[in-house]
Amino acid sequence: MSHLLADLMGYRNPFWAALVPMVSVPGVALLLLLLQRAARGGWRNGAVLVSVACVLSVGINWATFLAALKSSFPHVGISIPTGHAIAATAAGGTCSFLAIRIAVAARRSSRNVLLSGSLLSFGFSCMIFISMAGMVSPFSLSYDLSAVLAVMVLGAALSSFAIWEGGGRKGRHTDGIAVLLGAGAFTTVAFGSPAAVLSFGDWMTAVAQPDDLTSSPIVVIGAAEGVVVLFLCLVGSLIDNRVAARDELEADRLRQLADSTFEAILIHRGGVVLDGNVASTTLLGVQATELPGRELRSILAGTGQIVEAATSSETVESEITARGGRRVPVEMLSRPIRYRGDAAIVTALRDISERRASEARIRFMALHDMLTELPNRVLLKERLDAGIAQATSTSGMLAVLALDLDGFKLVNDTYGHAVGDDLLKQVGRRIRNCLRTDEFVARIGGDEFVVIQPGGNQPSGGSDLAQRIIASLSEPFDLDGRRATIGTSIGVAIYPANADAPDLLLKRADIALYRAKHAGRGCFRFFDAEIDHEVDDRPQLEQELRKALANGELSLAYQPISDATGHPISFEALMRWTHPVLGPISPARFIPIAEERKLIVHMGEWALREACRNAAAWAIPCRVAVNLSPVQVLEKGLVALVGAILSETGLEADRLELEITEGVLLQDEDAACAVIQDLGALGVRVVLDDFGTGYSSLSYLHRFPFRKLKIDRSFVQRLSDDQSARAIVKAIISMSRDLGIAVTAEGVETQDHLERLRLLQCHEFQGFLFNKPMSAEEANDTLLRRAADEGLLNLQALRDDLRGAHNEPKIRFAV
């Protein structure tokens, strides 16, 4: 070994010494490029590239060897016999071919990489020793065996590292490192092998000992280097076994982890499934042995989405095909991974069938009347807008028919609500049977329906349809063994002859309906501008409403919201208008006018102040709920007004509930969100009223900080005989409980309603079963009676105290 180091550190011709790395670096770079392309194309497709790589490898061997030899012996002429040159080239070429074949086609492992690197080093060194033997023929050379092995092992190590880096994951510097390592391997063997030749004195000693192995140098070199190759392969195999054992343990751990998840997991490569967990076999309805090898496109629709999803962090919705062709909607998330040494994609699938069904139920609930399952006002508006748009684009016509049942109230009052509900269902079915496929019917309230008839020859088309509906609804109805006969009155308005806007068209159909009912009922009338202008009393009603607001004709009634025992826990303030001549006027008539003319802002301020004042004067503290119209919520200064009224009346903020409907959220979601958050900051409780009758209830619960929601009465009244209504109410209560939102059920009118709601764990109820709306004084007495019933005070003593204090209670009792 000492003479090897001395020889390597001895004199070298600078030009020839520098030529060795100058040749090896670009040569190795080109060789690496050829090998990478051959590996990507596969062994068969890359056979030509591999052959060229072998020739290039042998060429690098000869060039670096001759340059290294010339640098050590610049004045010696180099002459290698043809036979030795051919043998050297054959040895180097064979080893290069085997090494490159293993590097390109074999599985990437420590054993294969070490074998490939060892063969490259072995072939190069053998080529050098055969060539040098030819140069001194007929004489022979002897070598330092330890030096030969050291050079060979170092060259094999550098070559193996170069192959590992060049064939692994592509990083920023991996190719450059591989080139430097490969060039180092060629340079090491090129300089080190000649330097292992024994000096003259050592050679003489070797010749004098014929039994010494060095007397047959080629045999010694071949045997020794062969042993090294086998040893390195053994080391590589041991490393691979350790890695395989570790990978197997890790795979078992990951398999157990994957099988314990609820999501289905598929691992695939090139559109073919490689593996899957237990959940995936359950979802697809197959055995675990049937999954590997299946085409991904036979399972999953839109396989191209998986590749896109693997490069992003977004989930994608798709469908899978389970056993029997069953289609299952799924949500999938994909990521690129390394699986068994190669690139693959893992895709997680989540069954969203229940979510889709829930969304469909919620959407149906939002767009349909739950009793008759006919479309409601929201869907009516959509269809009417679309119908008018189509009629406008085609210069066509459209008829709107407004229906009101004649005699329904008598049947409902005589036989009860259950029979009345059955009658409405049958009416809905009969109207549907009168319609063509392109015609549309919606229920917009109690016994009111609207039909849209697109196209056709108007007004004859509307007239024919109205006659068919009247004739159908005039036939007797079988109501659980009872026969009932009703009728209907119909008002018809034509687009564009009577109106060119949806709301105006509906309004004029209502006006025509009003005239039909006054004409004797059981008939239909078309809107007539010359006659019906007298029917529309809205302008007059607006003027009367302005006077009522100025003259104090408005009042508030308070309907209790009770617990399961019937004790009130809060009151909802309801606006009432008693006209001095016309008498009580329904809120359904004057509230829309007030909202349209912005009178609701002043009326709402009065109602809010009056409700807070009355609630603050109650002897027993109790919450009061006040309805806010969409106009009020979007009016600037609402939050400041609420704060001022609370301060003025002395009512605690947490005793005030403000009820809003989803209508305000549809108009300006961002502005409404800001107002609701500011009201919450005051301590006021914001309640979502008529839940389920709007368009996007679920998204609102997620975004807005509602403290309570009120289930619309239309669902509660269906509890007794409608399974879907019970399922919806149950889902709303369960969802609200999970979200920490209180729930009040509206329209509780029977003991059966109450019992069913209690079983569903609803704790707040509002309806005629407990109490009708009452005055503020009656509400105060109700609270006092509850406190007396619970033993919190002596009712008679308190009344005496109140009379002595001129009915101005100074003491509050916590309930």
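Numbering starts at 1 and runs along the chain as displayed.
Each Cβ is built from the backbone N, Cα and C atoms, and glycine gets one as well.
Whatever TrEMBL says is automated annotation, not expert-curated.
The domain 'MHYT' feature in TrEMBL is assigned to 12-200. Sequence annotations record features per position, and here TrEMBL assigns domain 'PAC' to 314-364. Positions annotated as domain 'GGDEF' by TrEMBL: 396-529. According to TrEMBL, the domain 'EAL' annotation covers 538-787. Look at TrEMBL and you will find 15-35, 47-65, 85-106, 113-133, 145-164, 176-198, 218-239 tagged as transmembrane segment.
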The transmembrane segment (15-35) touching the transmembrane segment (113-133) per 3+ Cβ pairs under 8 Å rule: no
PLDDT averaged over every residue in the domain 'PAC' (314-364): 83
Secondary structure composition of the domain 'PAC' (314-364) [DSSP: H/G/I, E/B, coil]: 15 helix, 29 strand, 7 coil
Number of helical, extended and coil residues in the domain 'GGDEF' (396-529), per DSSP: 58 helix, 40 strand, 36 coil
